[in-house]
Amino acid sequence: MVGERVVPRPERLERAGRGLRAQSQPRTQPQQGRPFFRSGVLRFTFRHARVTPDLAPRDRAQNSGKGDGPQLKADVTATKDTSSNRSQPAPVRESAGCLQGCRCARFSDKWKQLSRLQRNVILFVLGFLILCGFLYSLQVSDQWKALSGSRAEVEKMKLEVLPVLPAPQKESAEPEGFADILSQKRQRHLRRGPPHLQIRPPNTVSKDGMQDDAKEREAALGKAQQEENTQRTVISWRGAVIEPEQATEPPSKRAEASIKPLFLASRIWKEPAPPNERQKGVIEAFLHAWKGYQKFAWGHDELKPVSKTFSEWFGLGLTLIDALDTMWILGLKQEFKEARKWVSENLDFQKNVDVNLFESTIRILGGLLSAYHLSGDSLFLSKAEDFGNRLMPAFTTPSKIPYSDVNIGTGFAHSPQWTSDSTVAEVTSIQLEFRELSRLTGIKKFQEAVEEVTKHIHSLSGKKDGLVPMFINTNSGLFTHPGVFTLGARADSYYEYLLKQWIQGGKKETQLLEDYVRAIEGIKAHLLRQSQPRKLTFVGELAHGRFSAKMDHLVCFLPGTLALGVHHGLPADHMDLARALMETCYQMNQQMETGLSPEIAHFNMYPRADHKDVEVKPADRHNLLRPETVESLFYLYRVTKDRKYQDWGWEILQSFNKYTRVPSGGYSSINNVQNSHKPEPRDKMESFFVGETLKYLYLLFSDDLELLGLDTCVFNTEAHPLPIWSPA
């Protein structure tokens with residue numbers, strides 16, 4: 001019946017399906033391979049196709065001649081394929097597209113069923129995970145590079161053997177100057193890497209004998225010289241037994257017993273006159289601090305005087321080593337003898353501990369070298385060389401900019417966990433100590449490593465009229481965090497060591513002087529301002545062109561450094577700036593209720609009613625017993641002989657005694673310099689209080705201006721005096 005819709009029978013559908021399958025087969029070249037897969041796909045395609053028999057008269061007319069029976073429409077669109085899938089049968093391509101479309105449709109339906117909040121939460125979590133993964137990959141990449149490089153260097157370190165005992169000098173045991181030492185032949189080593197430490201003939205002489213008894217050392221040396229031509233076993237500082245190779249020269253044997261200070265102790269030290277009353281006050285303060293350390297923290301890093309215990313940083317007796325030269329200068333020979341015994345019997349650097357390169361250099365290496373120069377005791381030089389060798393792996397970086405931390409037991413050096421950067425102050429404030437160690441031992445690698453850093457910093461761009469950023473990357477060797485300039489933490493001692501290296505080397509290294517003078521001009525141009533209402537000159541900070549009226553107490557080193565430069569012939573206007581800044585640092589103490597400076601001060605730059613020049617934020621009002629103010633008072637008095645600087649120092653000592661002294665022994669840093677009734681002790685005596693603060697106060701009050709004179713020695717940034725190589 002015309003127009004009647006006929007429902008197709010199952011057999012008709014089957015015949016139509018066979019017709020479609022027949023059309024899909026190529027007529028010329030039969031499809032080869034995997035027929036089972038094709039047939040399965042075709043069955044899937046046909047099963048899911050929407051088959052609609054259309055028996056309308058018009059359609060039958062159009063389809064006449066193409067076969068009897070109802071025609072079938074499959075809603076499967078064959079897409080023309082111009083790619084490599086051109087030979088693939090159309091139904092297969094159609095089935096794949098249909099399958100993907102079904103999956104996407106199902107996912108889309110489920111996604112639409114979620115609420116907007118649920119979708120936003122899912123997207124946020126996914127974005128957060130992607131960001132975390134990206135940041136973690138960057139961190140792992142940096143750490144892996146550093147770890148791979150450091151491990152490679154550690155493997156190299158296992159092979160090298162260098163002696164601790166000094167090599168004999170054939171022509172003269174005491175060269176007159178640094179040039180004589182550089183001209184000596186450097187012993188040749190066939191392997192790179194830091195030298196092994198604590199090397200000695202096994203079972204030859206006891207440890208105490210090598211360090212304490214000169215006769216036994218000479219006997220041991222004689223025995224070693226008799227066996228010089230025989231191959232012998234040496235023990236590395238890692239404990240591994242290494243036999244010298246035939247192509248390797250045996251380590252030269254330097255007679256430790258014959259070592260004397262190349263710059264004689266009498267040239268930087270002479271017995272002073274009896275102490276005056278103010279110096280006696282300093283001695284009494286030191287003995288009180290030392291009493292607490294002996295009772296509650298002997299041999300440990302720092303005293304906690306309130307709780308009567310101690311704290312450890314490196315576990316190397318920091319306070320004791322920092323105070324060695326202070327005890328000698330103050331004439332406390334019995335206390336010095338006891339400390340020397342501890343160094344001989346207990347100071348062992350073979351420890352699995354990370355040390356900060358900068359802090360351990362200025363405190364431990366500097367303290368040992370200074371004690372050696374003052375006392376002439378070769379024990380301290382031997383320990384200094386041992387420790388210096390253990391710090392050398394820190395320099396094994398692609399850029400030669402040292403890592404901030406090194407394990408003195410394993411030799412593994414690395415950056416802090418949070419960054420691959422080192423601070424500029426850390427890598428440029430170790431030069432005095434390493435250069436002096438090379439001068440005394442004749443081993444050039446110490447000096448070469450640190451001077452490579454100095455040359456690299458000198459050549460870098462990114463400075464602002466001599467001012468340097470605070471951070472530098474150990475991999476690239478470039479400044480990071482550019483545009484931030486300060487003379488406070490992380491940058492301060494860079495400027496100090498430019499001048500002091502120039503002085504130490506006999507004023508011959510003009511590059512250092514040029515960098516220093518240029519930096520002072522940069523300070524004047526960009527960082528100097530005056531406060532209100534008293535017009536105090538202060539040094540602020542610059543961050544991306546924006547000035548901040550913030551000045552750390554650490555910056556109070558600058559007036560003393562400026563005065564030292566004027567003493568050695570630099571422009572007189574530097575002295576004017578030194579005086580002005582010294583007044584400011586004194587006011588940072590004087591304007592506080594306790595008479596002690598806060599850690600950080602902010603200055604008022606605009607007139608305000610009832611406001612002082614110096615303002616302190618609650619987080620910055622602590623005092624750590626720092627030495628920078630009294631250090632500069634010492635230099636200003638030595639250069640100007642103005643006794644007001646002595647008076648200012650005496651006021652500060654009295655404030656220390658009144659607000660930081662602990663009755664049971666020791667001095668404690670305090671939390672609040674603005675509250676004289678409740679300064680709130682922090683229960684910690686930093687090692688620099690006995691190593692720097694009290695030492696500078698004692699020298700400030702001295703009537704003898706030649707006691708450790710400015711023309712015979714230079715103080716490192718931890719107040720340890722080292723000799724000037726060629727005094728002008």
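Here the Cβ of each residue, glycine as well, is placed from N, Cα and C on the backbone.
According to TrEMBL, the features are:
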COMPBIAS  1-17  compositional bias 'Basic and acidic residues'
REGION    1-37  region 'Disordered'
COMPBIAS  22-32  compositional bias 'Polar residues'
REGION    53-93  region 'Disordered'
COMPBIAS  79-88  compositional bias 'Polar residues'
TRANSMEM  120-138  transmembrane segment
REGION    189-228  region 'Disordered'
COMPBIAS  209-228  compositional bias 'Basic and acidic residues'
ACT_SITE  GLU359  active site, proton donor
ACT_SITE  ASP492  active site
DISULFID  CYS556-CYS585  disulfide bond
ACT_SITE  GLU599  active site
ACT_SITE  GLU628  active site
BINDING   THR717  Ca(2+) binding site
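Features per TrEMBL, on structure.
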residue	record	DSSP (3 states)
GLU359	active site, proton donor	helix
ASP492	active site	helix
CYS556	disulfide bond	helix
CYS585	disulfide bond	helix
GLU599	active site	coil
GLU628	active site	helix
THR717	Ca(2+) binding site	coil
With GLU599 (active site) as the reference Cα, tell me which of the recorded positions GLU359, ASP492, GLU628, THR717 is the closest one.
GLU628
Beyond the flanks of the transmembrane segment (120-138) by at least 6 residues, Cβ under 8 Å:
114
Could you check which of the active-site residues (GLU359, ASP492, GLU628) sits closest to CYS556 (disulfide bond), going Cα to Cα?
GLU628
Round to a whole number and give the Cα-to-Cα distance in Å for the pair the residue listed as 'active site, proton donor' and ASP492 (active site).
14
Listing them in sequence order, which of the recorded positions ASP492, GLU628, THR717 have their Cα within 10 Å of that of CYS585 (disulfide bond)?
GLU628
Pairwise Cα distance for ASP492 (active site)/the residue listed as 'Ca(2+) binding site' [Å, integer]:
10
All-chain count of other Cβ atoms within 10 Å of THR717 (Ca(2+) binding site):
26
Among all protein chains shown, how many Cβ atoms are found within 10 Å of the Cβ of CYS585 (disulfide bond), not counting that one?
28
Measure the Cβ-based neighbour count of GLU359 (active site, proton donor), defined as the other Cβ atoms within 10 Å of its Cβ.
17
If you count other CB atoms within 10 A of each CB, which of GLU599, GLU628 wins among these active-site residues?
GLU628
Integer Cα-Cα distance in angstrom, THR717 (Ca(2+) binding site) to GLU628 (active site):
10
